[in-house]
Amino acid sequence: MAAKPAIIALFDVDGTLTAPRKEVTPEMLKFMKELRKVVPVGVVGGSDLTKISEQLGKTVINDYDYVFAENGLVAYKDGAEVAIMSLKKLLGEEKLKEFINFTLKYIAELDIPIKRGTFIEFRNGMINVSPIGRNCSQEERDEFEKYDKIQKVRSTMVSVLREKFGHFNLTFSIGGQISFDVFPRGWDKTYSLRYLEDFNEIHFFGDKTFEGGNDYEIFASERTVGHTVTSPEDTMKQCTEIFLTKKE
């Protein structure tokens, strides 16, 4: 019997393997292929598999040893689905409607420069909330991100929702440029770690590793060795130093 693999490299998607909401570059695909020859490689994203595939390619579940969509609530190993969890089943329809109705009313009364469409996206394991609306253009995304850094639209909204729905035991996690994720406590990216029990050392790479960011919980977990990256280029640089540079 082969010895169990000791180390795995686990990556966030947006801002880590790709620029925010952009497709992966050929350079990164080639780099991941080379890295996978040295260590098992996994990806964990807040988006569903469709959106992850749009960024990392249609063969993503075969290009990595593990793919965790929706923070690991939908899990794939060696190209096959191994588990799926449902937010609807956990919360129930009445609680979901209460949360969604309040959130839409809050956004309707929000005074921001522009609004587009798809303010709430219901996923299998989470709700994604975007004050500007997810179908805005890339230029509008960039502008909202700058505006939000000054006006704190998302963090203010999260504070209101956290107070209003504290009894729902929800976690609110700001990620990307225009939105934040809402999911049951414990259903953050650390959820994916239950599928990596065979590994002694889990190196996690992410860009939103600050408290409140959607990489924070897994970055800070005692189960992982956390690495903060600033771009896909920085990810490749750090991985080269850690995994691909021969130590004397």
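Cβ coordinates come from backbone N, Cα and C, glycine included.
Among the candidates ASP207, ASP234, the residue that Swiss-Prot names alongside ASP12, ASP14 for the Mg(2+) 1 site is ASP207. Ranking the binding-site residues SER179, THR224 by how many other Cβ atoms lie within 10 angstroms of each Cβ puts THR224 at the bottom. When the C-alpha distances from ASP207 (Mg(2+) 1 binding site) to the recorded positions ASP12, ARG123, ARG141, ASP181 are tabulated, the minimum falls on ASP12. The shortest Cα-Cα distance from ARG134 (alpha-D-mannose 1-phosphate binding site) to any of the recorded positions (ASP12, ASP14, PHE219, THR224) is found for ASP14. Looking only at the recorded positions ASP14, PHE219, THR224, the one with its C-alpha closest to ARG123 (alpha-D-mannose 1-phosphate binding site) is ASP14.
Looking only at the recorded positions ASP12, ASP14, ARG21, ARG141, the one with its C-alpha closest to PHE219 (Mg(2+) 2 binding site) is ASP12.
Neighbour density for ASP207 (Mg(2+) 1 binding site): within 10 A of its CB lie 23 other CB atoms from the protein chains shown.
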